[in-house]
């Protein structure tokens, strides 16, 4: 089975559902933002946020629902060929929904600065300092070829933080096994209207709106 992991827009609660249970599933919906479209200005302007949320994320949700319906039909028919052919669309649209649902909560108009408590201790332990961590995640995100994401994840087996990059909308946990804590979207629509094609400027600005309380909550949850 192909597994999808979804986070609500206001909590880090996880819902893991095998696609084999699609007969009784509810359709996925676009989560509300926990702030207004213009709340992250001047770092991310309202036009970008509205396009990003109401158009791009909404498209992933709609396409995911359509693909899951087709997958349900293929399961009912025992059509393995159709099931396999649908998996790239499930990965892309499911990943787009997962990633963006995390991303919105990773940002806050009251964000920025540095994390505190256990998360900060873990960052210092695994990266030497917050400055080193910030520099490394920025570099990995800038270096993504084409479209993708830069991530801070938690390696549960090793009990440590790791930085990773994912191409396209590949979901971090589904493709690397790392539990997502902080994701930075480096798809063109995340910065193009405001920062044009200068990705480094976007990545410099986004640190001013990182919601460290949310990232810390995710870290605490995944350690249980």
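Even glycines carry a Cβ here, placed using N, Cα and C.
TrEMBL: automatically predicted annotations, no manual curation.
As annotated by TrEMBL, domain 'Manganese/iron superoxide dismutase N-terminal' applies to 27-108.
For residue 100 (Mn(2+) binding site), the number of other Cβ atoms no farther than 10 Å from its own Cβ, over all displayed protein chains, is 26. Per TrEMBL, Mn(2+) binding site is recorded for 52, 100, 185, 189.
The domain 'Manganese/iron superoxide dismutase C-terminal' annotation in TrEMBL covers 115-218.
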Cβ contacts of residue 52 (Mn(2+) binding site) (under 8 Å, same chain, 6 or more positions away): 100, 185, 189, 190
